[in-house]
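Asker: Have a look at this one.
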Amino acid sequence: MSKIYEIYPLPQSLKYRNESISVPKEIKLEANFELEAGSLARIKETFAKQNTSLVDDADFVLNITLNESLSEKFDYYTLEILESEIKIEGNSKSSVFYGITTLYHIFKQADAELELLKIEDYSEMKLRGMIEGYYGIPYTNAKRKSIMELGSYFKMNIYAFAPKDDPYHRDLWWELYPEAELAEISDLAKFGEAYYNHYTWTIAPFKPDSNPITNENRDEGLAKIINKFEQLYEVGVRQFGVLGDDVGDLPYETVVYVMNKLNEWRKEKGDISDLIFCPQGYNMDEWAFRDGTEANIIDDGFDLDIHIFYTGTSTCNVVSREAIDRWKTEKVDREGRVRRDPLFWMNWPVNDIDRDEWRRVFLGKGEVYEQGVSDMIGVLTNPMDEAEASKVALFATLDFAWNPNAFDADKSWADSFKYIEPDAADELHEIAKHMSNIRNGAKYSAEESVELNEKVEAFEEAVDSRVQEKVLAAANDLHDAYVNIINAVDGFTNKSKNSQLLEELKAYNASLKDKAQIAALYLEVYIDYVKALISGGEAEAEKEKVAASDKIERAKQLKDNLKQHIVVTRTAEFPNRELVATAGQIVIEPNIEYLEELLK
C-alpha cells in the first residue's frame, strides 16, 4: 500500500486492499436516481482534481445507488474503489453526497494512483454544525456562506441563524423581512440545500419587552411565527427553530402547544427538517435548571422529533459523560424516566465572555469534547465575532460529532489548519498555540503555549541552578522559541490570501508578536549578561546590562503599546465598546514578568 488517505471527519471503518490502480482518465456516471445540482457539482470538482473526464461510454464506472433501507444509522453510506468501478451507496440523498465528498478528499490526495478500499461510514449524531448565537455584531451573509462552504466538505448539515442582535430574529421577531434581505437569505438557503447543509432560521418570540407570546395570546403568536416561517419557506429555508433562552421565565405549557403546532405545520409541508428549541433552563446551574420542571414538561410534551438545546453543566462547559447523564436523569419526575438525547449548544469558541476590558480569540484544539461521549442528537458550536477564525472550532466540532469514539483532539487540530488556511497552515497553527486559553469559558484547564511552557520551565530551572552554561543554553532555546512566534506572525501576514481572516486576527497577532518581541529582547539582554558573567565576572556583566538599556527601553515601549491593539464590538446587552486584543496570557505574560524581575 503506497498511500493512506487523510479523511475528515474520521470514517467509522476504512479498509485498504493493499492494491492500487491508475486514476482513470474517463469515468461514466450511473445512478439509480436523479442526482441534484450540489452532488453533480461535487462529482465534477472531484474528478477535476485528477483531470478525469465524465463521458457516457467510458469503461470505468462511478455507480451511485440510493437505498433507503440500507441502514437506520444517520447518513450511512459505503464507498468502494474497485478495479473497474467506484461504488457509492447511501441511505439518503445527503449520505450519498457525503460519500461523494469522501471521494473528493481521496482524489485530492491520489497522486495519479487510487488505493483499492472499502469505507463503511455514518454519523453518530444527526445534527452537526454551527449556531450563530453569540452577543455581538451579526455576521454578514458572505461570512455565513464562507462557513457553510467549508462545512460542506466535512459533512456539516446545519447552520443555525440565531444572532441575538438581529432585530428580525428577536426584538421584532413578528415582522417580515424586507425584499432586499430576503434575496440574500434565499441565496444562503439555496446554497445550503444544494450541499445538504441547512441554513436553519430561528426565532426568539418570548422576550418580555418585545411583544412576547404568552398564555393569553398563544394562537395569535403562533400565527405570527407561521407567517414569518412561510415567508422564509418561500425563499428556500427548509429548517426552523424557536429559542427561549435569556429572556426570563417561559410559559411552559404554551411553549409545548406552540412547538407541537409548528411541528404539524412542518410535517404538512413535507420537506422541512426537524425543529430545534432552546429552553429557559438550558444548563444544569441552579438558576437555569431549578427543580427540573421545565425539562420534564417539554420532554414529556414535545413531539419526539423536536430537538432540545442544552449547554452542559453550566452556560459555558464541555461535552462530557457527566453532562449528558445529568440532563437525561437529574430531577426527573418519575422513576426510570430518561429524557431524550439533547442537542448540545457548545459555547466554544464564543468570545462574548470577554466584554469588559480585553478580548481573546480561541483557536485551540477541541478539548471541550470528551472522546467517546455520544447520546446526543447533535452538537452545534457557537462561534466568535470572528467568523473565519471560528472555523478552527467548527472543524473539531464536525470531526467529533460524526465519530466521537475516534476523535483525537490533538491530531484533528493539527490537521485542520491546512483546510482552513492552506497558504499559511503552519504559521496559523503556531499562532493558535498561543490563543487557546478559555479560563472563564468552557474549560478552565484548556491548554495554551504547551511547548513554549516546557522551554520556560527549563529556563527557570536553569536559572535556579546557577550553572551559567546551563542557563545560557536554556535562554538561547527559549529565545529561539519566541523568534519562531514572531516569524509565524510575519509569515502568516505575508503568506495568507484570506483577507477576512487576516483582518480578524490583525490586532490579536499584533499583541502576540509584541509580547514575543518583548520576551525576546529581555532574553537577548540576559544572554549577553550571562556571557559577560562567564567571561569577565560580575563587574563585566553589570556593564553589559547597562549597555543594553536601549533594548530594555524598546521592550518597555512595546509593553506600553499593547493597549493600542483594539477590537470593536457591540451588542444589545452592552454598548459599542473598544476592547484590548490580547494573546499569550497563560505562559507568555508571566514569563515576561519573570524576565523583568530577573533584569532588575
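In case you wondered, yes, glycine gets a Cβ from its N, Cα and C as well.
Because TrEMBL annotations are produced automatically, they should be read as predictions rather than curated entries.
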Asker: For the record in TrEMBL, which of the ranges 202-229, 538-565 is the coiled coil one?
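Answerer: Checking TrEMBL against the ranges 202-229, 538-565, the coiled coil one is 538-565.
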Asker: Across the coiled coil (538-565), what does the mean pLDDT come to, as a whole number?
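Answerer: On average, pLDDT over the coiled coil (538-565) sits at 92.
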Asker: Under DSSP, is D246 (active site, proton donor) part of a helix or a strand, or is it coil?
Answerer: coil
Asker: Using Cβ-Cβ distances, find the residues under 8 Å from D246 (active site, proton donor) that belong to the same chain and are at least 6 apart in sequence, listing them in sequence order.
Answerer: K164
